[in-house]
């Protein structure tokens with residue numbers, strides 16, 4: 001308010017001097033608009049402030065006159081009021097506009113003012129209108145700050161910040177990250193920049209530089225500023241000036257080659273809207289420029305008005321030719337019409353008319369203290385203007401909070417005139433055509449790729465400029481390099497004591513140089529060590545080095561600089577060119593067993609137990625298959641058990657001597673011998689490894705173990721790992737030790753804890769990998785305990801080099817170049833084991849052999865099932881005989897088992913033995929075969945003649961024995977059984993058991 005008061009004081013002092021110069025008779029006199037009014041109409045004074053010498057002023061004034069004349073001519077009988085306009089010339093001056101407004105309010109007592117044209121002029125007039133409560137309606141002042149200063153200011157045009165979203169959408173769609181605004185140093189120019197900066201930051205773009213040019217700048221001053229822009233990387237410029245200054249800028253830019261390929265020029269809506277008024281020479285210098293202008297819907301009424309206006313304007317301005325009406329003329333037409341409608345509504349209101357009849361004046365006394373009265377009609381007229389709604393020539397007229405409702409923008413490309421390439425709508429963003437119906441599902445966000453027609457850029461290029469270039473006349477990039485002791489294989493700085501010139505070498509330097517060669521353009525740079533003036537020590541930590549980029553002292557940093565979240569807040573990193581993660585190395589010890597039981601270690605307990613069980617199982621299976629037909633598997637029970645175990649376990653060294661007769665048993669043995677062969681060979685190899693190869697195991701396996709045991713740990717001097725160890729892993733400061741080189745780290749490991757030794761070392765994976773390459777037999781690398789981003793190159797925030805360098809890093813990494821660089825500095829490391837391989841036990845487990853055991857198990861069980869099934873089938877009458885139902889099942893099973901324990905006399909092995917002895921069997925052998933008695937037992941039997949009358953037919957055996965004594969029973973059956981098949985022996989046993997029960 002104080003600022004406004006000061007302006008009024010200044011205006012009051014100068015008004016007496018300026019008013020005579022500001023007033024000027026024009027074509028339309030004070031009563032011209034109401035020439036046709038009769039006695040029933042009432043004249044209402046309104047002011048118009050324009051620049052008579054400016055094109056926008058002439059166009060606006062003619063449109064205002066036509067709006068009122070056409071309104072009253074077509075609707076005169078419905079209107080009881082007539083606006084009488086009083087024009088004043090602002091003389092292209094801010095004070096002149098303020099003086100004109102003061103004269104209109106104080107002397108003419110106008111009810112409203114249309115104008116002024118410029119935002120800088122309006123800023124003074126707005127304060128006068130607020131004091132006098134006189135509505136100020138501007139059709140061309142676009143500054144966003146005006147509407148916030150006074151409720152009596154109506155911006156009947158789009159305020160300039162509404163185009164910020166359009167500009168940012170274009171920049172984002174084409175992927176540009178840096179933009180330089182060129183703007184005039186007044187309220188109009190400066191008002192847009194904060195909003196543009198905020199809009200760009202929303203998607204990561206920024207304004208690296210702001211070019212401010214005065215309206216009074218000479219051509220040399222403009223050229224000097226343009227040359228300065230040429231030395232910068234950014235090639236995207238947004239021009240936000242008045243039309244006069246903008247035309248001069250583009251003309252000079254053309255002269256010095258800034259309208260060639262690679263440049264991007266975007267001009268705001270004020271210049272674009274007046275593009276048709278520029279000379280052809282100016283248009284020629286603007287080829288390839290993108291412009292933003294207010295979109296006006298084409299209607300029949302608009303086309304008819306353009307024709308009428310052009311005819312009317314040329315009649316009053318004979319020297320004017322080839323003139324084109326733009327949106328500001330249409331806004332002036334709509335503003336005048338809106339004011340007439342609002343005045344009519346207020347002046348015809350009965351309550352307002354009654355109050356007005358009582359008062360003899362429309363302004364009160366000098367209530368402002370500066371000789372300015374207060375309009376009595378202002379509040380009502382303000383309210384009425386806010387409620388006016390109609391379809392104007394420029395579109396819908398609707399003032400919301402004193403501002404015109406935002407509408408659609410048109411995107412044009414200057415190529416021999418205007419060439420439309422698309423539109424921008426608040427609902428859909430960038431679109432190629434307004435005629436395309438876009439559903440809610442197909443809404444194109446502002447972040448999408450350019451949804452515009454193809455653009456012809458400066459230099460007649462159709463390729464989208466990348467938005468930045470390395471200037472040919474720019475100084476070399478200053479690349480900061482860390483200075484440190486140790487690990488010089490990564491970055492090493494050496495100073496020549498004679499020439500005092502520093503030489504930078506190392507893995508990181510070679511990678512950076514390879515990446516620069518992979519870029520599609522050349523970049524000049526110098527490496528500058530980050531060291532103190534004496535060149536002996538570093539100038540700070542890595543964080544301090546990164547801060548130098550943020551402060552602008554370095555253009556980039558190259559070295560073993562780790563990508564961290566905190567650093568990325570102030571600078572940009574490229575993609576990492578090394579593996580990431582903080583790792584831990586610990587000493588290893590030889591865990592080879594040196595005790596008497598080491599021979600048990602090659603196999604795990606599960607494998608030992610499983611193998612033993614299968615040895616027993618295989619012995620059992622072979623015994624079952626061979627017992628009835630093989631003399632080697634017969635005899636006393638202890639002998640049979642020992643033979644079975646001996647046979648099975650002797651296969652382990654392939655020393656078994658027993659014959660295997662059965663085909664099923666041979667099948668089982670063959671499979672089992674194969675399994676035993678694999679087991680023994682594996683056991684031998686594992687045992688040999690245990691006894692001869694070093695078994696290196698880490699002394700520490702977990703970070704928690706270090707903390708619980710209060711062990712000391714080491715890290716590289718100046719590394720960010722110090723913060724990780726304290727904050728994230730929970731170590732105390734007393735547990736931390738510093739080392740500067742691999743040799744110092746090895747020395748700390750060799751010391752005892754009491755002497756300052758360490759139990760583990762922490763740092764980035766590349767360091768640990770390099771250290772391990774030197775001492776691979778002494779230490780091992782454990783898994784990363786904390787994730788990081790790896791090594792990356794540092795650039796300023798928003799640097800356009802970041803994306804190109806990152807792509808070049810991928811190219812170098814995918815090729816052999818990176819591998820060659822690693823071999824150059826770190827060696828091939830073929831003599832060391834892979835540090836990522838975890839040390840594991842050398843014992844062989846069941847999981848490695850369960851397939852073999854499965855095979856032998858299936859083979860053995862299959863043979864066993866086949867044999868048992870065959871045996872039971874041959875002796876099925878014993879278990880299921882219906883001749884002796886009184887014999888219980890358990891006795892039948894016992895008889896089957898007793899039969900299994902007997903020799904299978906039908907086997908070829910026994911038949912062969914009998915044939916070789918003359919096919920003679922004694923009575924005792926038959927009895928032994930039936931009853932299972934051993935040879936040489938003292939059992940006396942009658943002679944065969946005592947049962948000679950017994951038949952040898954199987955069907956008559958038991959009938960014959962019914963008439964014999966028990967002895968005869970046995971002898972009779974035995975004689976018969978000597979000629980009978982084995983199945984009959986079981987029948988004999990059943991009958992014998994039946995007889996005994998009787």
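Just so it is clear, glycine is given a Cβ too, placed from its N, Cα and C backbone atoms.
Caution: TrEMBL annotation is automatic and unverified by curators.
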Per TrEMBL, the range holding transmembrane segment, considering 661-680, 681-700, 701-720, 721-740: 661-680
The annotated transmembrane segment range in TrEMBL, which must be one of 607-625, 626-644, 759-777: 607-625
Long-range environment of the transmembrane segment (661-680) - Cβ separation under 8 angstroms, sequence gap at least 6: 611, 614, 618, 621-622, 625-626, 629-630, 651-654, 849, 852-853, 855-856, 859-860, 863, 866-867, 909
Number of other Cβ atoms within 10 Å of the Cβ of residue 776 (disulfide bond) across all protein chains: 18
